[in-house]
Amino acid sequence: MAELSISPDEIRDALKDFVQSYEPGKASTTEVGYVLDAGDGIAHVQGLPGVMANELITFADGTLGLAQNLEESEIGVIVLGEFAGIEEGMEVRRTGEVLSVPVGDGYLGRVVDPLGNPIDGQGEIANEGRRALELQAPGVMQRKSVHEPMQTGIKAIDAMIPIGRGQRQLIIGDRQTGKTAIAIDTIINQKANWESGDTNKQVRCIYVAIGQKGSTIASVRGALEEAGAMEYTTIVASPASDPAGFKYLAPYTGSAIGQHWMYGGKHVLIIFDDLSKQAEAYRAVSLLLRRPPGREAYPGDVFYLHSRLLERCAKLSDELGAGSMTGLPIIETKANDVSAYIPTNVISITDGQIFLQSDLFNANQRPAVDVGISVSRVGGDAQVKSIKKVSGTLKLELAQYRSLEAFAIFASDLDAASRRQLARGARLTELLKQPQYSPFPIEEQVVSIWAGTKGKLDEVPVEDILRFERELLDHLHRNTEVLSQLKEKNVLTDDIIDAMDKAVDRFKLEFQTGEGKPLASVGSEKFEPAKAEDVNQEQIVKGKR
């Protein structure tokens, strides 16, 4: 038997040297987990005991995942990418980071996915850093009251449902009622502010497309490019073909990009089109993660899903740079049911809502805004003084017209005042019609609404109202300084009113109706006063009631 050639002292010295050479700082440990099952954009992972909520983890094939459910024996993970290659038993590791996206002015004019990667084929994007998706909204003391106007260029909205910078204004209605059209018109209307070069006027726009058809997103981009609005707009696209996890994250990506500009003292407009599809995607993810369902199978925290997103829209205080982010979330209803779960949630979170009615849309009243139930809770303080002055009675007149119109269907004889009110209401309703992608500057809106509410259009046939408006504005641009004065002062002075009055009266002498007749020869309808017996009969009926 061979003898041991190493003495005990040598063994002891070798062990001692090895122990003394150990440096704790150079040692590293890595938590490793394994995939239990995967499918439908979700994976369940065993291991990783130290993982944090919303931490990024990496699968062996390089795919990223977002840790959501932290349970005793496993983790529920949203797969951020192609999940077909993730198999049972695959190794998973922690990154120690939360999900973030690159931000900066390089994103203007680009189309990106919910992870901030460009998908428009125009190369890489130069970024100015990264910003976490889950950011705390500004606190009460970090905010300032909404006081600056955010013009949409749509007469019905700017006059009666004004929006201010930093406001959250919901656009709600059935499918195919023009919700996206209002949002796109609002983006296009910011072009003049952008071209002014004044950073206090410029508005950077973000359009977040959630669950839309790819062709729809392409048409939106095409419309913005044609209008020259893409240079100050970013599109975050999560089409219908994306996994549910991407649709859930897309609004937070857009919000993170916008917050970077907001905290830099700039103004941002963000459109979420639409949050109904985000809620449905979150419901799908939650059910796959085996979270307990609640009302309409939505998880219990679906209100928090939208509140923490929309609370990031704010007007910041002067100490923080006075930037703002205005939110226009869109919600799609079914059969005009605004009392459903998600619509009522978002209505309670936002600062007002614009209701679009399918009946009005089908009656060719476009934009199909129902002014009776639409409201802006904070935008009135931000409204331009000139438009505020001329539109003071507009909403009331339209409401009275709607109620009188319903009554007139059953009434054969109406008194002169009622017939006059019906005629005025029909012309005001026609005046509020507006073609898509044609936003009106605020000074033109003031002239149009002033002419309508002051009775200047009462002699114009209803079918000629829009042509009269168009030709009147051309006449004012060419022959007077009324529009330039309104644009410069934003206040309706007595001198401007007198100038408008004379200019409109002069134009009415030149205008010809669709039948080729001068407007002066048409005249307004002569309303006969109600007969005495009719008045007495009406009083008898009221007395019996």
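Every residue gets a Cβ built from N, Cα and C, even glycine.
Within the same chain, residues at least 6 positions away in sequence whose Cβ sits under 8 Å from that of G173 (ATP binding site) are K179, E332, T333, N336, F355, L356, Q357, S358, A368. Taken from Swiss-Prot, the feature ATP binding site applies to G173, D174, R175, Q176, T177, G178, K179, T180, supported by sequence analysis.
Mapped onto three states, the DSSP output places S374 (site 'Required for activity') in coil. Here Swiss-Prot flags S374 as site 'Required for activity', drawing on sequence analysis.
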Exercise. Of Q176, T177, which of the binding-site residues has the most Cβ neighbours inside 10 Å?
Worked result: T177
For this session: Would you count the other C-beta atoms found within 10 angstroms of the C-beta of T180 (ATP binding site) for me?
Result: 22
Exercise. Just how many other Cβ atoms lie inside 10 Å of the Cβ on R175 (ATP binding site)?
Worked result: 11
For this session: Starting from the ATP site formed by G173, D174, R175, Q176, T177, G178, K179, T180, give every other residue of that chain whose CB sits within 8 Å of the mean position of their CB atoms, in sequence order.
Result: E332, L356, S358, F361, A368
Seminar exercise, completed: Same-chain residues at least 6 apart in sequence with Cβ under 8 Å of the Cβ of S374 (site 'Required for activity'), in sequence order, are M160, I161, G352, Q353, I354, F355
